């Protein structure tokens with residue numbers, strides 16, 4: 001248990017970092033009265049929206065909690081509720097600091113670029129550390145309570161079910177938060193642009209535009225709160241299910257299992273420490289803003305290498321002892337046990353050593369670095385992809401969109417190859433467990449990655465506030481410079497989340513098949529045929545592959561519809577009150593916020609339930625047609641179908657959207673005719689198309705994949721236990 | 001063999017129908033001298049392009065033929081060459097009649113709508129019957145020669161390898177033709193629109209636009225010749241591989257196998273007859289043009305029900321006798337054999353009766369009908385999808401594209417469900433063989449479906465000629481009315497082809513696994529683990545799923561680049577010769593055609609080789625890393641990955657593109673402000689985006705899937721035999 005205690009301490013350090021840094025951020029000057037006025041309106045809108053969003057989600061959550069309570073019992077229900085509540089807390093706290101840091105960043109940017117950068121990044125880092133810290137504490141807490149307090153074995157069914165329920169709670173909330181927030185932010189953004197920039201011909205963030213506050217609220221509830229909930233989910237699912245798969249697959253004594261299962265927690269813990277150190281390295285030297293952010297990221301990544309090594313060595317002792325096979329070092333007794341009775345590791349016939357696990361985690365870090373670099377390549381203004389879209393804008397709207405779609409399709413190739421290579425290498429080293437540890441190391445850097453991402457909406461808001469408050473032009477220039485790299489960092493997080501989902505999918509599928517075998521008697525089934533030559537496997541793959549498409553269609557349509565409602569409201573306000581355009585009277589910002597709020601909450605429900613209900617429907621329909629074994633076969637194939645297609649849908653949408661956005665920025669920097677040229681108009685179209693792609697439909701695919709998988713695991717547990 | 005002879009007669013009837021109807025079409029008046037001039041320019045351009053395209057393909061073809069000759073021997077080489085040459089012939093002849101029918105259709109449309117419809121449809125029907133007829137004759141010919149002349153058993157390796165090689169020849173040529181033609185037609189179309197409509201402000205098909213002839217050439221070489229080659233390929237692959245899978249999977253005596261293998265040929269034959277009857281039913285009554293075309297389609301579909309039944313009954317005799325199981329009726333001896341030694345059918349444990357096969361084929365017909373209806377729903381102007389895009393155009397370019405993308409994602413759902421239901425039902429009836437027969441019946445209607453499709457480019461050209469030749473406005477109105485339904489019929493064929501690919505994928509995978517088992521000794525392998533829990537299966541699925549994305553990216557980029565070349569040339573011509581815009585001097589049409597020709601041929605090579613080389617690369621890389629068994633496992637998974645993702649990529653692109661195109665047409669009909677409104681401009685953008693989606697990248701996914709699969713089968717045969 002000492003390992004778990006260390007991890008708990010690291011989690012507490014993260015939370016303390018958050019509290020300490022919050023007080024630093026809040027001490028900064030919030031600017032003049034006009035700025036504070038605007039910030040207050042954004043705060044109010046964001047709180048009102050999140051309040052209503054979480055109320056709506058709570059209704060669904062309570063229904064699901066009752067179902068879990070009736071079928072899986074108290075521990076699972078508590079696990080579910082902890083996951084759900086903490087996911088909400090991560091989002092809410094992130095939003096809360098973000099809506100205070102925005103105005104302070106604008107004020108700091110009056111003096112210097114460094115001042116703005118420091119404030120915005122610190123605000124992002126608070127969210128990042130809270131996501132990682134709360135995630136780690138929730139898993140540690142449950143594991144500690146069940147194993148140390150109630151005294152069950154670490155691989156007891158209760159531990160597995162409770163961790164799975166924790167992951168489900170986090171996932172369920174996060175899909176609503178990602179999608180609801182995504183619809184809000186893009187409906188407000190697209191609506192404001194359409195009616196402001198295009199129809200009325202006023203610039204972005206002009207205070208005369210009634211949708212301008214809603215647009216800024218959207219940054220906080222979508223890009224900050226929604227993203228935080230999503231990454232919290234990814235963190236909990238990845239670490240939690242690494243533990244579950246160890247419990248299911250590795251045959252060892254309780255004490256050995258306890259240590260091996262605690263290793264992901266310790267890795268998460270030490271990487272929180274390296275992430276915190278990294279945040280202090282974010283400084284503008286002579287280099288670019290992106291360079292400053294990268295300094296922090298690379299510091300964390302490099303420091304994590306020895307940190308992870310020492311974590312492994314501390315937990316496993318002899319790094320070359322074979323685990324699950326001939327021998328396993330028990331650090332509690334500090335003696336090498338060589339019980340042949342433990343059998344070889346059940347990980348697809350592989351046994352592994354501590355060094356193997358260490359290298360698997362290095363693969364995970366390598367994947368993180370590679371995904372960051374690839375995303376930078378596809379969405380940065382210095383490389384071919386973005387420039388090709390900018391160039392294509394010269395010949396019009398159509399060619400801009402064609403080139404953007406081509407880039408979005410192409411951008412899937414390198415991440416896929418990286419993931420494939422990682423899967424092969426990790427599997428060769430240590431089987432499924434190796435893949436799980438690679439995913440764990442990938443996610444261990446979540447604190448830093450979220451920090452980079454959450455920085456974006458703060459600078460975006462700061463620019464909006466600078467514009468609305470009429471601050472001098474050079475302030476806006478500074479916030480714009482800070483904001484430009486935000487497109488890339490935002491795309492990075494999404495690629496990172498979906499990449500981890502691809503690695504996790506294999507682990508989740510392993511857990512699913514192991515569970516099926518273990519409970520075949522309770523389920524009343526024989527051997528389930530998962531071979532590709534079973535047509536129900538094809539059926540499951542196709543139905544799974546359909547989900548991201550259908551989900552994407554819902555998301556895109558929802559944004560279109562909600563943006564239409566914004567356009568209508570703004571048009572009405574302009575018509576009913578001519579003083580708004582004259583600048584003599586203030587638009588009714590609250591009314592627009594309220595309209596987007598209602599639209600977003602209404603639109604998020606149906607698509608979010610799609611991944612919850614489809615696995616259940618597929619199982620029961622196929623069971624009715626072809627028997628229970630084939631029902632489980634089709635369900636299992638569906639889990640892989642959803643990742644096989646979801647990976648591509650998500651990456652193409654998030655990278656493509658980022659590239660469109662930055663192609664517009666590249667033109668605005670004076671290329672291909674600059675602002676106001678025909679090329680710029682075409683680029684604005686591409687940016688508008690990319691908005692729901694990259695901020696609504698694309699990122700929500702990640703929690704969608706997880707939910708489908710976890711629902712399958714829970715369905716299995718319910719059928720086996722009920 | 002008598003069954004094969006009947007099928008051969010039906011094939012000859014199709015060719016005779018083509019010859020007879022050609023003479024009818026050519027007897028019609030080709031219009032005045034100006035019209036003939038324009039038509040001659042189009043003819044010249046189309047012939048020049050196809051000549052150069054097929055020369056380029058021939059180089060690749062010869063290289064591949066040498067490889068096949070060195071590894072698989074003479075029969076396979078001849079099979080490959082027959083497939084390759086006939087695929088080219090189908091495309092070339094289709095183009096040849098199309099470039100003559102266009103001007104005659106324009107002339108006929110001077111008098112009446114019915115006259116134009118009859119001519120254009122007959123021209124399409126010639127292409128359709130040639131595709132089906134040549135396809136059927138090539139398979140029958142090879143089967144007859146090997147079995148009746150050289151006397152090998154119907155399930156001998158030579159038959160299987162030669163039929164596979166035939167399919168490969170057809171596929172290899174068709175991917176080049178589909179992609180090269182697709183790049184040509186859309187580069188010319190997009191380029192002409194960008195520089196003509198958008199920059200110079202002249203209408204579509206204005207003779208002052210130097211790209212106008214290239215645009216019309218594109219219709220013939222892409223939408224007609226490319227499509228014909230594609231459907232020829234689909235026809236040959238589906239029927240041929242149904243025969244191969246019978247040979248591999250059904251355990252029966254030679255005589256029985258001979259009959260069962262001949263059944264798909266007879267079904268193809270009788271459906272050629274019903275298709276020919278259907279073509280005579282295409283008449284404008286009081287209904288719409290679409291209604292007239294549907295009369296022909298539904299006549300064929302309904303007549304095919306009894307035709308298929310009688311074909312089955314003729315071949316199998318007692319429709320209730322169990323095949324592959326207890327008994328099997330041999331029509332040659334007309335005696336019921338009951339050799340228990342034959343064992344149960346190897347089709348996943350299922351045995352089946354003639355009635356089962358009949359019902360499987362009814363499922364195939366049902367899928368055809370359902371796909372036609374679904375495509376009509378998603379691309380027709382009378383339904384929600386197209387209207388929602390038209391409505392979204394009111395708020396600008398961005399919302400038009402967003403809604404179009406949403407519809408394109410959504411349009412995958414119903415076809416997937418239809419295919420899934422068909423797979424389950426056919427499999428329940430008769431195992432893999434049942435799925436194969438469903439695919440065969442689906443493809444048996446190819447003659448009629450191609451006729452509906454090939455009608456489109458003829459009317460499109462007729463409209464262009466009417467415009468350029470300055471015919472009265474009412475002629476253009478008639479050709480426009482004829483052309484409008486072409487968008488839907490074109491989308492139908494593409495959905496149909498990709499739907500058949502999904503069914504065929506299961507059959508191809510069955511052939512692959514059976515081959516692996518049969519040749520395990522020659523290949524030096526043990527049991528290959530195709531279970532989803534094998535990580536190399538995930539690797540294969542992901543790499544397969546990547547192919548359509550990468551391929552789509554290449555296709556979209558190619559169109560963008562080639563269109564850019566067109567824009568540049570036209571701008572140069574306008575600048576160097578001001579007389580062009582003044583209407584006093586004639587533009588250099590040939591130069592533009594030449595530029596598009598070179599660009600299209602250059603751009604088609606690399607993406608076309610992608611599906612040929614990737615399976616080989618994946619196999620050898622994974623073999624090197626993890627051994628030969630895992631190499632075959634990953635390769636097998638890749639075959640399914642490419643269909644699981646390709647199905648969605650292809651349907652979303654072809655349906656989405658069709659919907660965008662018709663949304664523009666819907667606005668041009670006077671809705672949402674009509675021609676020249678802001679909504680119309682937005683709709684033109686959507687149409688431009690949809691062009692490479694629906695006519696270049698999307699449809700080429702179908703041959704791409706087939707090639708990947710067939711290359712895998714050939715690789716296996718080469719490794720086993722070499």
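Glycine is treated like the rest: Cβ placed from N, Cα and C.
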TrEMBL annotation (transmembrane segment) - matching range among A:333-356, A:357-380, A:453-476: A:357-380
Transmembrane segment according to TrEMBL, located in which of A:583-604, A:605-626, A:671-692: A:605-626
From A:210-228, A:381-399, A:495-513, A:514-532, the residue range that TrEMBL assigns the feature transmembrane segment: A:495-513
A:30-52, A:260-282 - the range that TrEMBL marks as transmembrane segment: A:260-282
Intrachain residues whose Cβ lies under 8 Å of the transmembrane segment (A:632-651), provided they are six or more past its termini: 411-412, 415-416, 419, 494-495, 498, 501-502, 505, 508-509, 512-513, 516, 523, 525, 528-530, 534, 536-549, 552, 611, 614-615, 618-619, 622, 697-699, 701-702, 704-705, 708-709, 712, 715-716
List of residues, in chain order, with Cβ under 8 A from that of residue A:490 (site 'Determinant of potassium independence') and at least 6 apart: A:223, A:227, A:453, A:456, A:658, A:694, A:695
Residues from the same chain, set at least six apart from the ends of the transmembrane segment (A:605-626), whose C-beta lies under 8 A from its own: 56, 60, 172, 175-176, 179, 536, 539-540, 543, 547, 550-551, 554-555, 558, 632-635, 638-639, 642, 700, 704-705, 707-708, 711-712, 715
Residue numbers, six or more beyond the limits of the transmembrane segment (A:357-380), whose CB comes under 8 Å of its CB atoms: 263, 267, 290, 297, 301, 304-305, 308-309, 312, 316, 319, 323, 386, 407, 411, 414-415, 418-419, 422, 425-426, 429-430, 433-435, 437-445, 449, 487-488, 491-492, 495-496, 499, 503, 655, 658-659, 661-662
Same-chain residue ranges lying at least 6 outside the transmembrane segment (A:159-177) that approach it to Cβ under 8 Å: 53, 56-57, 60-61, 64, 68, 72-73, 75-88, 91, 135, 138-139, 142-143, 146-147, 152-153, 225-226, 229-230, 232-233, 236-237, 240-241, 243-244, 247-248, 604, 608, 611-612, 700, 703-704, 706-707, 710-711, 713-714, 717
Tertiary contacts of the transmembrane segment (A:432-452) (same chain, 6+ residues out, Cβ under 8 Å): 14, 121, 124-125, 127-129, 131-133, 135, 227-228, 231, 234-235, 238-239, 241-242, 245-246, 249-250, 263-264, 267-268, 270-272, 275-276, 278-279, 293, 296-297, 300-301, 304, 308, 345, 347-348, 350, 352, 356-357, 360-365, 367-368, 422-423, 426, 489, 492-493, 496, 499-500, 503-504, 506-507, 510
For the transmembrane segment (A:6-26), sequence-distant contacts whose Cβ falls under 8 Å of one of its Cβ atoms, 6 or more beyond its ends: 93, 97, 100-101, 104, 119, 122-123, 125-126, 129-130, 132-134, 136-137, 140-141, 144, 262, 265-266, 268-270, 272-273, 276, 447
